[in-house]
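Visitor: Structure below; questions to follow.
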Amino acid sequence: MAGSPSRAAGRRLQLPLLCLFLQGATAVLFAVFVRYNHKTDAALWHRSNHSNADNEFYFRYPSFQDVHAMVFVGFGFLMVFLQRYGFSSVGFTFLLAAFALQWSTLVQGFLHSFHGGHIHVGVESMINADFCAGAVLISFGAVLGKTGPAQLLLMALLEVVLFGINEFVLLHLLGVRDAGGSMTIHTFGAYFGLVLSRVLYRPQLEKSKHRQGSVYHSDLFTMIGTIFLWIFWPSFNAALTALGAGQHRTALNTYYSLAASTLGTFALSALVGEDGRLDMVHIQNAALTGGVVVGTSSKMMLTPFGALAAGFLAGTVSTLGYKFFTPILESKFKVQDTCGVHNLHGMPGVLGALLGVLVAGLATHEAYGDGLESVFPLIAEGQRSATSQAMHQLFGLFVTLMFASVGGGLGGLLLKLPFLDSPPDSQCYEDQVHWQVPGEHEDKAQRPLRVEEADTYA
């Protein structure tokens, strides 16, 4: 392990103590507040003489399995493209998600399912917690390779709280419709991470630039993450929608949007690529934007054609972002976006929110019939017009951007505290800083890691 004895000693204690404290505090809060809901508690369920076939587990758990695989396998492997950071990409994804799902159960529980002095949990709580963990992992992608595990846990601690508040404001106070989380998950997670990355800007990061690229096998592993995410994204968007036509429509719209974004990505990648060749970075990421861009509108009457058009647009915009905007983001705005979350989640999330504004504004009783109540209950009840709902959708986007920006700024200041362990500029994107790597002794003998140096946050 590289570094001075003092840093090594601090690293040895910092992560264990923080993990023990967070897990202990979470366990105490669970003991005091968390209880099974009526669909999970043995006595309450059987007291009502329900048939086991009616339990929500049988309707929701298949979607939960897909979402869970996306969070732990999809996100984890999507970030293993860095040639010397695979352990950290998968391992820290595992760590962050495991903590975030516990902490978000509490935060979301206090906001959404707190009654009788307790938080009541079931399979929907598990899905919501995974959604929140997904937002945290999106933010992680923006600072991948430049932060230590203790910093990341503190980032999650703050972000989960702000995620829960933002979600509560949008869904419960503003009545925004966002079935697949274009705003609450993707836009929030992306811009929280981007602002965080800006605050943590490292002017001397060039010292580790040689590790920031991929190699052949790391790109292949990343494609595993891409395919997992691509396959399961219809379940992600439909996981918590109303059973029946709404859930069916959500999966269908996402399915077609993903297909179109993939073709758009291949087309643009070849068009802007050197000698007309495809860029694996584009394929790994931009092909997924079809799932992001229809997140808000997937439950609405978007139409299959609308889903195709939205997906194709998202794929092309994201590919152009990776090719042209990412370098500008770093050189002009000093945002070092390791995974390009602005192109995969940020821009497509904003486009998805704007698409939701458009589709909500076109909602009519004739188009939705009796299904209007499940998609736009306030319009069905006569409390809002379609135009008013569209304006609330637009305001929800601005609220999300505000929470994400302020939260990312606060998170950056928190993570810059001098006692928190982070890799020096010359050791970013390097597994050996935090992991025992097979063959590391031979590697050090040939090319030793640099001695300890100070971080250079701007």
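A Cβ is built for glycine as well, from the same backbone N, Cα and C atoms used for every other residue.
The following feature annotations were taken from Swiss-Prot:
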TRANSMEM  14-34  transmembrane segment
TOPO_DOM  35-61  topological domain 'Extracellular'
CARBOHYD  Asn49  N-linked glycosylation site
TRANSMEM  62-82  transmembrane segment
TRANSMEM  87-107  transmembrane segment
TOPO_DOM  108-124  topological domain 'Extracellular'
TRANSMEM  125-145  transmembrane segment
TRANSMEM  150-170  transmembrane segment
TOPO_DOM  171-178  topological domain 'Extracellular'
TRANSMEM  179-201  transmembrane segment
TRANSMEM  220-240  transmembrane segment
TOPO_DOM  241-251  topological domain 'Extracellular'
TRANSMEM  252-272  transmembrane segment
TRANSMEM  283-303  transmembrane segment
TRANSMEM  305-325  transmembrane segment
TRANSMEM  347-367  transmembrane segment
TOPO_DOM  368-393  topological domain 'Extracellular'
TRANSMEM  394-414  transmembrane segment
MOTIF     429-432  motif 'Basolateral sorting signal'
Visitor: Summarise the model confidence on the topological domain 'Extracellular' (171-178) as a single mean pLDDT, whole number.
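Guide: Across the residues of the topological domain 'Extracellular' (171-178) the model's pLDDT averages 98 on the 0 to 100 scale.
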Visitor: If I count Cβ-Cβ pairs under 8 A between the transmembrane segment (62-82) and each of 14-34, 125-145, 283-303, 394-414, which range comes out on top?
Guide: 125-145
Visitor: What residues elsewhere in the chain lie close to the topological domain 'Extracellular' (35-61), defined as a C-beta under 8 angstroms and at least 6 residues from its ends?
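Guide: Same-chain residues near the topological domain 'Extracellular' (35-61) but 6 or more away: 113, 118-125, 127, 239-240, 243.
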Visitor: Take a look at 87-107, 125-145, 283-303, 305-325, 394-414 and tell me which one has the most Cβ pairs under 8 Å to the transmembrane segment (347-367).
Guide: 283-303
Visitor: Among 87-107, 179-201, 283-303, 305-325, 394-414, point out the range having the most Cβ pairs under 8 angstroms from the transmembrane segment (125-145).
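Guide: Answer, by Cβ pair count: 179-201.
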Visitor: For the topological domain 'Extracellular' (35-61), jot down how many residues DSSP puts in helix, in strand and in coil.
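Guide: Secondary-structure breakdown of the topological domain 'Extracellular' (35-61): 14 helix, 2 strand, 11 coil.
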Visitor: Is the topological domain 'Extracellular' (171-178) packed against any residues at least 6 beyond its ends, judged by a Cβ distance under 8 Å, and which are they?
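Guide: Cβ under 8 Å, 6 or more out: 111-112, 184, 295-296, 299-300, 353, 356, 360, 375-378, 384, 389, 392-393, 395-396, 399.
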Visitor: Based on DSSP, tally up the residues of the motif 'Basolateral sorting signal' (429-432) by helix, strand and coil.
Guide: 2 helix, 0 strand, 2 coil
